[in-house]
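Peer 1: Quick paste of what Swiss-Prot says about this protein:
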DOMAIN    1-85  domain 'Core-binding (CB)'
DOMAIN    106-285  domain 'Tyr recombinase'
ACT_SITE  R146  active site
ACT_SITE  K170  active site
ACT_SITE  H237  active site
ACT_SITE  R240  active site
ACT_SITE  H263  active site
ACT_SITE  Y272  active site, O-(3'-phospho-DNA)-tyrosine intermediate
Amino acid sequence: MEQHLDAYCMHLRSERQVSPHTLEAYRRDLSKVLAYCQKARLSSWNDLDIQHLRSFTARQHQQGQSSRSLARMLSAVRGFYKYLNREGLCQHDPANGLSPPKGERRLPKTLDTDRTAQLLDGGVEDDFLAHRDQAIMELLYSSGLRLSELTGLNLDQLDLRDGLVQVLGKGSKTRVLPVGSKARQALETWLPLRALTNPQDDAVFVSQQGKRLGPRAVQLRIKTAGERELGQNLHPHMLRHSFASHLLESSQDLRAVQELLGHADIKTTQIYTHLDFQHLATVYDSAHPRAKRKGAADD
């Protein structure tokens with residue numbers, strides 16, 4: 001069974017050309033299913049049926065797995081069994097018709113515009129790391145990049161003269177995004193410093209040794225910046241969420257935000273409308289003369 005899983009992961013990497021992050025997530029999810037099969041003494045993937053999978057997902061949910069994580073796991077199982085069926089190794093899909101337990105969808109965490117300005121306008125020390133980190137944060141917020149898109153960015157994808165960046169998103173789909181003036185300035189300051197490291201490839205963001213920055217390194221640097229400037233835990237995706245929320249709040253153009261974020265389904269983008277409504281409700285409660293306030297007596 002394990003060799004079939006290895007072959008599928010190789011297929012995803014070489015034929016489907018999925019990103020390393022996606023491949024790691026698929027392998028992690030399918031390895032959990034494999035461990036369950038081994039514990040249940042199933043001798044082949046053909047032995048796993050919908051009852052087994054329903055029991056497995058219920059147990060995972062009881063152990064704290066979110067509905068979103070379980071939905072991703074079931075999607076991985078469906079993709080795997082599609083491959084097994086095509087290769088003649090199986091004749092069914094145990095995940096067919098199976099849905100994850102429903103759970104409350106958590107709203108993404110964002111910074112408001114004042115906190116974002118506090119983070120980005122906090123002053124940059126004149127050194128390599130500070131200028132690099134500033135360029136990273138400005139670009140994440142300016143263009144709404146995913147972490148994987150940022151760390152995979154190469155020099156030929158940047159056009160600072162016209163203020164554009166081309167990124168390779170999920171499903172190997174490319175999109176061209178605007179780069180704001182603040183991000184352009186930060187990048188123009190950073191790129192000459194980058195050249196001094198004698199970079200080993202065309203990565204836009206490199207370490208002091210000239211090596212491409214990985215996701216974990218970026219996460220740690222942004223976490224440090226958040227603690228220093230805001231006194232809070234900050235992660236790269238929070239800047240992407242803030243980009244989406246602030247843009248939607250200003251433009252009210254859901255389709256445009258969907259395109260900029262690279263969402264295949266507009267339902268994924270619609271979660272930001274809930275954030276916008278929360279903001280409007282807060283403004284209403286604080287500003288409307290007849291708004292119902294906590295502690296106010298009923299008329």
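The backbone N, Cα and C atoms fix where each Cβ goes, glycine too.
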Peer 1: Nearest of the active-site residues to K170 (active site) by CA-CA distance, picking from H237, R240, H263?
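Peer 2: Its closest listed neighbour, by Cα, is H263.
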Peer 1: Express the distance between the Cα positions of H237 (active site) and R146 (active site) as a whole number of Å.
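Peer 2: With the alpha carbons as reference points, the distance is 7 Å.
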Peer 1: May I ask for the distance between R240 (active site) and R146 (active site), taken between their Cα atoms and rounded to an integer number of Å?
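Peer 2: With distance taken Cα to Cα, R146 (active site) is 7 Å from R240 (active site).
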Peer 1: Would you mind listing, in sequence order, the residues at least six apart from H263 (active site) in the same chain with a Cβ closer than 8 Å to its Cβ?
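Peer 2: Same-chain residues close to H263 (active site) (Cβ under 8 Å, separated by 6 or more) are T269.
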Peer 1: Given the active-site residues R146, K170, and counting only Cβ atoms in the protein chains shown, which has the most within 10 Å of its Cβ?
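Peer 2: Answer returned by the neighbour count: R146.
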Peer 1: Ten-angstrom check, please: count other Cβ atoms within 10 Å of the Cβ of H237 (active site), all chains counted.
Peer 2: 17
Peer 1: In this predicted model, what is the average pLDDT of the domain 'Core-binding (CB)' (1-85)?
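Peer 2: For the domain 'Core-binding (CB)' (1-85), the model's average pLDDT rounds to 86.
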